[in-house]
Amino acid sequence: MEKIKCAIIGPGNIGTDLLYKLLRSEVLEPVWMVGIEPGSEGLARADKLGLKTTSEGVDGLVPHVIADGVQIAFDATSAYVHPENSRKLNELGVLVIDLTPAAIGPLCVPPVNLKDLAGRQAMNVNMVTCAGQATIPMVAAVSRVQEVAYAEIIATVASMSIGVGTRKNIDEFTRTTSAAVAKVGGAAQGKAIVIVNPAEPPLMMRDTVYCETVDEPDQAAITASVQEMIAAVQEYVPGYKLKNGPIFEGRIVSIFLEVEGLGDFLPKYAGNLDIMTAAGARTAEMFARDILAGRLKLEPVKENA
Amino acid sequence: MMSLEDKVRGRKVKLHDMCLRDGMHSMRHQITLEQMIDIASGLDDAGVPLIQVTHGDGLGGSSLSYGRGLHSDREYITAVAKNVKNAAISVLHVPGIGTLDELRMAADCGASCVHVASHCTEADVTEQHIGLGRELGLDTVGFLMMAHMTPPDHMIGQALLMESYGAQTIYCVDSAGYMLPDEVTTRIAGLRTALQDETEIGFHAHHNLGMGVANSLAAVAAGANRIDGSAAGLGAGAGNTPLELMAAVSERLGIETGIDLFKLMDVAEDRVLPIMPQPPRADRDSITLGFAGVYSTFLYKAKEAERKYGLSARDILIELGRKKMIGGQEDMIEDTALSMAKARALI
């Protein structure tokens, strides 16, 4: 079967974990790994797995995009360099999946709004944050039953699974997640709290979701909706589990989750990173299927005059 | 050998009141604006140089997980700032909970000092917030919480990181009230040796094992010159170091605090004590916090879970300690209680 060729920018933990997932895909074929450090471990690994590599950043990839037929690129670098990477690739008609918290394109949490993005001809799609990927499906599970006035999420991640980039940009991480909890989750107001726990052995990612409904919560309908949404996330993150809840107290619904990773490249406790790469891959696969079926034609994005 | 008194006599120490921030935990974040103004103006009049005013969990802490504040941080800070003459207003700010915009707001409303807090091993999440504190011209403090959870050398490395981001004072924070005086001495002396001379050192105690004053004295003897406490001890767990007690002991030992002891005692007795539903006391659950090294604020939700699920709060706290839960993980109290209740077939 024909596959859509992809490039990964950023050969770090996320980029490498993503690479393993793409190698299993029926519709995506990773062909380029882009880094900025010659001889980095991530580039060497990609090279061994048969990808072309460059250590000259996106500029090193650009001359090969057309010849090598790259149609989708994943950016796993940082919020600061993402806009420029995206511009250069969009100009060549490459669809960019953004795994940084830059959030310049429409936000995507696959089981919640991936389908809505299908016909929109977006050339940049943002995957929010790992905390957002883990919790927004649950906010949406409640908000599709009844109106949610306020949603709050607490994401606890193992210290070992949080890189330098996220630590330096923790404010962007917190704000992008809060905004997406409201916008994508469907709550009038959203709040996100992020905790980094250094316990040894490292703790599995834990997430708690509180939703405050406008009217009395319909307990049976919400419980069923939550269970259904858990199953939808498990399609691409098998280790996504409901640990406790939903619990109902007045108008507050509490949901307690655990996210265990697949352990492709990153350890299993790093469910936060796994859910990010799995969501990115799933999003790209939908676009790839649309391209292969002739439903989507990527067009170069011209610089605004 | 130098006695403790030899080491502290004549030293200048700033006492920093926490009852309108740490005390917010014990008051479940429901202190009224009138109470805040009444207490803050009393503390100001008694010569307390620094008064912290924020939701118990810092700026942006008002939430379902930690409890909603009766008023917003903006309202509290503005009200207090307008009603004190000499004291500086400080705020607590925890990256991951509060955002930079909230710190800008606090500065606009009159706060002039910020405690930027992280767990003792995660100092590198504070770079943006310490940076902004300095940019705004605030007296900027790096606040290493749950310090007992990492060895002194590692904690000192984290303090150096905060100092490199621009923190002008570094605190060793005994959030669980777990430390004993020798441990405080080791940590503070280590900080004093490692940090630059102009960097100040602070200590924040919880009185869960009744060691608040003793530990604070050990900290001063080892080189700390900022000590946190709370009028009438109003703070999480069994409370903070009772500030009026610390002031009295300081006066006996010749530590210069610039505080009018009797006025401070009166604020504690006449203004703080009457607003408390119950005075902080080292009950079995608070002692458990100190004994097992558990975050003091977990006390309230553990007691709530005891009522809801028929479990002992002490058992829940011990389990949270075993699972190495840290500050901010209040959501895990109910989760842990639910799992324990299921395992014991109570639900």
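Including glycine, each Cβ sits where the backbone N, Cα and C put it.
What TrEMBL says about this protein:
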{"type": "DOMAIN", "residues": "A:5-120", "note": "domain 'Semialdehyde dehydrogenase NAD-binding'"}
{"type": "ACT_SITE", "residues": "A:CYS130", "note": "active site, acyl-thioester intermediate"}
{"type": "BINDING", "residues": "A:ASN272", "note": "NAD(+) binding site"}
Neighbourhood of A:CYS130 (active site, acyl-thioester intermediate), C-beta criterion under 8 angstroms, separation at least six: A:ALA155, A:VAL157, A:MET205, A:ASN272, A:LEU273, A:ILE275, A:MET276
Across the domain 'Semialdehyde dehydrogenase NAD-binding' (A:5-120), what does the mean pLDDT come to, as a whole number? 95
10 Å Cβ neighbour count around the residue listed as 'NAD(+) binding site'? 27
